[in-house]
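According to TrEMBL, the protein has these features:
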- 23-32: compositional bias 'Polar residues' (COMPBIAS)
- 33-173: domain 'Casparian strip membrane protein' (DOMAIN)
- 1-32: region 'Disordered' (REGION)
- 41-59: transmembrane segment (TRANSMEM)
- 79-100: transmembrane segment (TRANSMEM)
- 112-137: transmembrane segment (TRANSMEM)
- 160-180: transmembrane segment (TRANSMEM)
Amino acid sequence: MEKSEKGNGAAPATRSPMALMGSSRNENQEVNTSMRTAETMLRLVPMALGVAALVVMLKNSQSNDFGSVSYSDLGAFRYLVHANGICAGYSLLSAIIAAVPRPSTMPRAWTFFLLDQILTYIILGAAAVSTEVLYLANKGDSAITWSAACGTFAGFCHKATIAVVITFVAVICYAVLSLVSSYRLFTKFDAPVNYPSKTIEATVFHG
């Protein structure tokens, strides 16, 4: 009796294959939930940055004895406002979609990939053009008789610089999002290209 009791006590506990599959499934769900939460937060950050840059630039105007200037007087700054508004709206919409626990499909992955790329270039272009205008406003350009205006409208240039810096931070966030969406797309799915191998072989034989 003692031997049998000792033998029963020393026997290791084994888990059934179904239990192992269930535990691995739970671990995968936890990982997916964590990744989905991280992506959602990452998509909300550029939304906040875009709104901040947009508000700063919308309120950017100055009047003094030399005249008045507003962001709407410069096309580059108008473009910056519109680009930040579009990117902020897209960030909010994509964050809502990313937060929904749905299986990843090829159309969804391609949509995120393409839109992330497009919005990255839009916001990057806005930041780059606005930086050029700020440079001219600070340094001037004698070749085109453009005098430095920031000495006269220092407050205007200061707010514009803040808006451009915030926009460049949003550009970094979109670059990271583009890397995430491209990694997810090309690690899970193949490129949608059909190779007409049979047609090529038939053409070669007929030739």
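Keep in mind that glycine also has a Cβ here, set from the backbone N, Cα and C atoms.
Quick caveat, the model's predicted, so the values are computed rather than measured.
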Most Cβ pairs under 8 Å with the transmembrane segment (79-100), selected from 41-59, 112-137, 160-180:
41-59
Across the domain 'Casparian strip membrane protein' (33-173), what are the DSSP residue counts per state (helix, strand, coil)?
111 helix, 10 strand, 20 coil
